[in-house]
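Here is what TrEMBL records for this protein:
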- 1-22: signal peptide (SIGNAL)
- 44-341: domain 'Plant heme peroxidase family profile' (DOMAIN)
- CYS54-CYS130: disulfide bond (DISULFID)
- ARG81: site 'Transition state stabilizer' (SITE)
- HIS85: active site, proton acceptor (ACT_SITE)
- ASP86, GLY91, ASP93, SER95, GLU104: Ca(2+) 1 binding site (BINDING)
- CYS87-CYS92: disulfide bond (DISULFID)
- CYS136-CYS337: disulfide bond (DISULFID)
- PRO177: substrate binding site (BINDING)
- HIS207: heme b binding site (BINDING)
- THR208, ASP259, THR262, ASP267: Ca(2+) 2 binding site (BINDING)
- CYS214-CYS248: disulfide bond (DISULFID)
Amino acid sequence: MKSSVLILFLLSIICTASCGHGEEDSFPTFPALPIPETLLLDNLLSFDYYHQRCPQLEQIIHTKLKQWVAKDHTLAASLLRLHFHDCFATGCDASILLNHEGSERRAEASKTLRGFQVIDDIKAEVEKSCPAIVSCTDILTAATRDATVLLGGPYWRVPYGRKDSRISNAKDAEMVPSGRESITTLLELFQSRGLNFIDLVVLSGAHTIGRTSCGAIQHRLYQGLNGTSSMPNPPLDDHYLDFLQRKCRCASGDYVDLDATTPTTFDSQFYANLQKNMGLLSTDQMLYSDPRTSPIVNSLIGTPPLFIHQFSASMVRLANIQVLSGLDEAGEIRTNCNFVNPYNN
């Protein structure tokens with residue numbers, strides 16, 4: 001347990017001098033979060049990939065995203081979820097954006113995803129300035145970073161050069177965690193994608209913002225994890241459980257905040273909620289009770305800035321899962337994020 005805390009502490013030191021919060025009224029220009037050079041070279045990604053061919057890219061993304069979030073603040077959290085679903089299924093390749101029969105986007109597991117229209121709008125604007133240059137994957141990745149900043153979260157530099165997949169299968173959407181797995185299963189899923197137990201705990205912290213439907217948590221409110229108990233397992237605070245059962249009794253279409261305490265603020269309160277048995281999702285609450293992850297949760301509770309710093313590092317790692325790079329013939333630069341390019345049909 002001590003080693004886990006030490007690892008988290010050392011990782012936080014790496015970020016201390018290099019991560020910051022974005023300013024709401026201007027595009028952030030903070031120092032970069034260090035990323036190993038080998039990671040960028042192996043994937044043929046770079047920070048200056050679009051500097052010559054589309055220098056206005058990040059400003060376009062930031063401006064458009066700010067307009068959308070001003071109209072509907074919940075879209076920021078939706079973009080984080082959309083990005084996670086894209087990367088976790090088959091790698092960060094914008095396969096989640098393809099809209100055809102049998103695609104990930106049309107899968108049952110994806111039916112509550114939102115934010116597609118935001119990416120479409122950004123892509124259309126980018127195409128006006130830089131036609132057939134910028135991938136939908138890179139746009140989704142950068143938009144997710146900017147959405148985090150608009151929520152009050154950290155800023156990090158995004159390396160570019162990802163290509164878009166030409167393939168999307170509904171069955172792959174089932175590979176994304178649903179919130180009902182065991183910690184062992186989650187750890188195995190994360191490790192299979194090059195992520196570790198720290199990434200699991202920290203990326204779960206994205207639930208500091210966002211919502212879920214009452215229908216998605218019925219099992220959490222009325223039965224245990226194995227379906228045999230009448231009480232939630234893992235446990236829920238009695239008062240919180242009473243509130244949730246009253247709110248969700250008649251309207252499964254209603255939504256509940258994932259963070260019951262500070263639902264619109266990007267902070268580490270999510271972890272403090274777990275300490276009080278107020279983890280809405282079973283997988284979230286088990287982070288606090290499992291001995292493999294609880295030391296990290298306790299560190300994030302005791303030192304809140306650690307979450308902000310480590311979230312940047314974990315998001316960079318997430319965005320580099322199985323990317324299609326410049327030499328990969330399986331990818332392309334879509335001109336419309338919803339469809340593969342016509343000449344590849």
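Using N, Cα and C of the backbone, Cβ positions are placed for all residues, glycine too.
Where the annotation comes from TrEMBL, it is an automatic prediction and has not been curated.
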Candidate with sparsest Cβ neighbourhood (10 Å radius) among ARG81, HIS85, HIS207, the listed recorded positions: ARG81
ASP86 (Ca(2+) 1 binding site) and CYS92 (disulfide bond), distance between Cα atoms, whole Å: 6
Spatial separation of GLY91 (Ca(2+) 1 binding site) from the residue listed as 'active site, proton acceptor' - C-alpha basis, Å: 9
Those residues of the chain, 6+ apart, with a Cβ under 8 Å from that of THR208 (Ca(2+) 2 binding site): LEU258, ASP259, THR262, THR265, PHE266, ASP267, SER268, GLN269, PHE270
CYS54 (disulfide bond) versus SER95 (Ca(2+) 1 binding site) - Cα distance in angstrom: 23
Candidate nearest CYS136 (disulfide bond) in space, where candidates are the recorded positions CYS87, PRO177, CYS214 and distance is Cα-Cα: CYS87
Spatial neighbours of CYS87 (disulfide bond), counting only the recorded positions CYS54, ASP93, CYS130, PRO177 and Cα distances within 10 Å: ASP93
Cβ neighbours of CYS214 (disulfide bond) where a neighbour is any other Cβ within 10 Å: 19
Close in space, distant in sequence - CYS54 (disulfide bond), Cβ under 8 Å, 6 or more apart: VAL126, SER129, CYS130, ILE133, VAL134
PLDDT averaged over every residue in the domain 'Plant heme peroxidase family profile' (44-341): 93
Proximal but sequence-remote residues of the same chain as GLY91 (Ca(2+) 1 binding site) (Cβ under 8 Å, at least 6 apart): SER165, ILE321, GLN322, VAL323, LEU324
